[in-house]
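Copied over from TrEMBL:
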type: DOMAIN; residues: 11-80; note: domain 'Release factor glutamine methyltransferase N-terminal'
type: DOMAIN; residues: 120-252; note: domain 'Methyltransferase'
type: BINDING; residues: Asp148, Asn197; note: S-adenosyl-L-methionine binding site
type: BINDING; residues: Asn197, Pro198, Pro199, Tyr200; note: substrate binding site
Amino acid sequence: MPKELWTIGRLLQWTEQYFLGKGVESSRLDGEVLLSHILGKDRIYLYTHYDEPLTKSELDAYRPLVIERGKGYSVAAIIGQKEFMGLSFTVTKDVLIPRPDTETLVEDILSFIPKEQGPYILDVCTGPGTILYSLLHYLPAATGLGLDISKDALAVAVTNREQLQLTERAKLCASDLFTALQKDPQYEKAFDIIVSNPPYIPSEEVKTLAPEVLHEPVLALDGGIDGLDFYRRLLTEAPRYLKAGGYLAVEIGYDQAEAVIELATRVGVYGDVVANKDIAGIVRELRWQKLGD
Ligand code: GLN
């Protein structure tokens, strides 16, 4: 950067141009978020202090973040934080970054479980704790267990559990889907609700994802040849751990509703499916109630 005086305004303009040149879509917003992160202020501050110069140490701290964003890392991964359901989650390169799409599932569950109820919730493939913790936060009497195959992801989930003050109500366990629960009879028909946002991108498509997504763990995205591997296992194995009348809710990819509903029908223990759409009108969540034993 040239040696003239770098005010907040000038730096934001420069960053926007730099990002545009790198093909970053939300070029203005991303610069604002990164700079407010460095300054420890909210975005409004940037506009109420538009003509104020930045110190050398602020500029030195900002520069590497801009370079990382230019390389395709998402802002969330760079600042290590992402908001989901009004809560702030710590994120790292080891986890799937919480996406607004997943709020469809969480909002659905919250829409019919009364606040005073204390369901026991299992989140399979919990990642940073996205679904489990947002449900526990808004259902103060609920308790839960989060499973993930990735120990690195679980370490992030531990951090979030502390930050969100859910250590008393949430347990975590390393597990390839339900595998860790198999030998312990206490988990049989134990859960009122099982939720999951498993990897569901067909293997061939993973390579074609946006650069921001390609910097996320493939393990959290790759759902096998047709993207449905985890639904096959989830739908057949979940009934063993779900109470009669309990709910199973999964996030699905934009074109997977029909195939996943068909899988559930074949398992034969679920009632009618409830399909919920995201704001774009695409079915992103499927939910079933387990029929009586
Ligand atoms: N929705 C994510 C994406 O499109 C994928 C999440 C997943 O595989 N569970 O990148």
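Cβ atoms here come from the backbone N, Cα and C positions, even for glycine.
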Annotated binding-site residues Asp148, Pro199, Tyr200, filtered by Cβ under 6 Å to ligand 1: Pro199, Tyr200
Same chain, 6+ residues apart, C-beta under 8 Å of the C-beta of Pro198 (substrate binding site), given in sequence order: Val124, Cys125, Leu177, Gly223, Phe230, Tyr231, Leu234, Val250, Glu251
Per-state residue totals over the domain 'Release factor glutamine methyltransferase N-terminal' (11-80) - DSSP helix, strand, coil: 50 helix, 1 strand, 19 coil
Residue distribution over DSSP helix, strand and coil in the domain 'Methyltransferase' (120-252): 51 helix, 34 strand, 48 coil
